[in-house]
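Taken from TrEMBL, the feature transmembrane segment covers 20-45, 65-83, 89-107.
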Amino acid sequence: MIDEEPRIETLEPGSDARLWAMIAHLAGFLGYFIPVVGSLIGPLIIWQIKKDLHPFVDDQGKEALNFQITVAIAVVVCLLLMIVAIGFLLIWVVGIGAIVLMIIAAIKANEGVAYRYPFCLRLIK
């Protein structure tokens, strides 16, 4: 009987998986060019097309999509709060915060680190 060490497959994402995960996070910027639905469609398309490439792309695609859903909900709340004026300030906070967090997430994904957005509703599991 020969003692063999079990073969362990690495789950570290390759450069292609890291690239697509980064693109999934950056696809949220489509919302600035196609208002209302652009920020949701970009990550959704990337995730649906590339989720079978690597578990990392699947995970980060879902994370990016969940974040964009959360931002969309926050924007709707801000629009409703514009009736009492506080929404005008909050919409800027949401917008700038979303930009900063998407850039951080894209950088982390490109480094192969699974990024988790703070204050994110994880509706898609």
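Glycine residues also receive a Cβ, built from the backbone N, Cα and C atoms like all the rest.
Beyond the ends of the transmembrane segment (65-83), by six or more residues, the same chain brings 24, 28, 31, 39-40, 42-44, 47, 90-91, 94, 98, 101-102, 105, 117, 119-124 to within a C-beta distance below 8 angstroms of the stretch. Long-range contacts of the transmembrane segment (89-107) within the same chain: residues 22, 25-26, 28-29, 60, 63-64, 67, 71, 74-75, 77-79, 81-82, 115, 117-118, each at least 6 residues beyond the stretch ends and with a Cβ under 8 Å from a Cβ of the stretch.
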